[in-house]
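What follows is a short report on a single structure.
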Number of protein chains: 2
Amino acid sequence: MRGTIYVVSGPSGAGKTSILKEVLKKIPNLTFSVSYTTRPKRPGEIDGEDYFFVSKEKFVELVNSGEFLEWAEVHGNLYGTSKSFVESKIEKGINIILDIDVQGALSVMKKLPDAVTIFICPPSFKDLKKRLDNRGTEKEKDRERRLKDAKWELSHISDFQYLVVNRTLNESVKQLEAVIIAEQLRVDRIKDHMGLQDFFKESDNDVCDN
Amino acid sequence: MRGTIYVVSGPSGAGKTSILKEVLKKIPNLTFSVSYTTRPKRPGEIDGEDYFFVSKEKFVELVNSGEFLEWAEVHGNLYGTSKSFVESKIEKGINIILDIDVQGALSVMKKLPDAVTIFICPPSFKDLKKRLDNRGTEKEKDRERRLKDAKWELSHISDFQYLVVNRTLNESVKQLEAVIIAEQLRVDRIKDHMGLQDFFKESDNDVCDN
């Protein structure tokens, strides 16, 4: 059975990354899709784990070789989702979670209509501003751009399947976890991939044969 | 915002009732739909809590007055889902969970296409037989009838949206809980009921207004 692709998106500063980190610890058979980026590494980030950090030249090379499922310029930096990375995981039956900006998520949805899409948004615009201030890594110009982009991004909530309003980390982790577990139980998904008959056989089940 | 109706079904002896009891303890704003039945009360069951236990005459009266959302004969007894009970809850914004046989669930689905439907099945047919034996309340004839019905019921899994294979109580409770939480986060559901704009207002959110 092929793995499921979960696309998590939302404005910068909504708290996506913290939620994802906790969820990845809790759910077995779920892995994080490592993207390519040209943006500078932030303190604490690890190359090949948080992102593959590459130069603009290298990024353009990867674009030309068709390596990206989607790529986009966000806040002046390039971000790209590795097609080969994602495909190798789902072919092995591993579920994969993509953390991408709204623009990228919208193009992935068109290419991968089976993907499960989750929008994470802050409880208020005021809260979003505060989170960007607390991050402390933003220049004033970058901060203003992020807030402007957030307005456009929030207008696309209804293109997503699920909405998590990030009030507290614990609650949001529980909600994202619930979406991931529930989607694994969808009869449509099980049926599409291998048929219920096979599902029962695989789970050592003789219900359908009796 | 109107409540959501969750329909939980599956063969007798799959463990539905035990799972439901645990889930109801864990999830706020979720209540159990109390059905009418003509079957005899089992030890420990409470009238008005597990079922409304009524005579066959009273049941027929309720059928004629249009009180049932669905009703059916199962294993020689009559079971009916109270329309007024369910409607009074969802109008107040309370989510409600219906524990009904597969035949009843199929008719509720036609009447209430927005209902979330979950099939709970035992891990194997052998296991189902064992559970009915352990219940100890079954006459041999009843037991045989339940097994025969189970085969028909299991052939309808693909009419449901979610499948929980009841291997352990803990795992199944977690899975049913996940389905209930995830469905509350569906953008379609939020949008259909009140619009995202209102949703944000209600959650003290000024995201959309800025």
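Keep in mind that glycine also has a Cβ here, set from the backbone N, Cα and C atoms.
What TrEMBL says about a protein is an automatic prediction, not a curated fact.
Marked as domain 'Guanylate kinase-like' by TrEMBL: B:3-181.
Under the DSSP three-state reduction, B:LYS16 (ATP binding site) is assigned to helix. Taking Cβ-Cβ distances under 8 Å and a sequence gap of 6 or more within the same chain, the neighbours of B:LYS16 (ATP binding site) are B:VAL8, B:SER9, B:GLY10, B:ASP99, B:ILE120. What TrEMBL records for B:GLY10, B:PRO11, B:SER12, B:GLY13, B:ALA14, B:GLY15, B:LYS16, B:THR17 is ATP binding site.
Note: the ATP site is recorded as B:GLY10, B:PRO11, B:SER12, B:GLY13, B:ALA14, B:GLY15, B:LYS16, B:THR17; in the same chain, B:ILE120, B:PRO122, B:ARG131, B:ASN166 also have Cβ atoms within 8 Å of that site's Cβ centroid. Burial estimate for the binding-site residues (B:GLY10, B:PRO11, B:GLY13, B:GLY15): highest at B:GLY10, by number of other CB atoms within 10 Å. The most crowded of the binding-site residues listed here (B:SER12, B:THR17) is B:SER12, judged by how many other CB atoms sit within 10 Å of its own CB. Secondary structure at B:PRO11 (ATP binding site), taken from DSSP and collapsed to helix, strand or coil, is coil.
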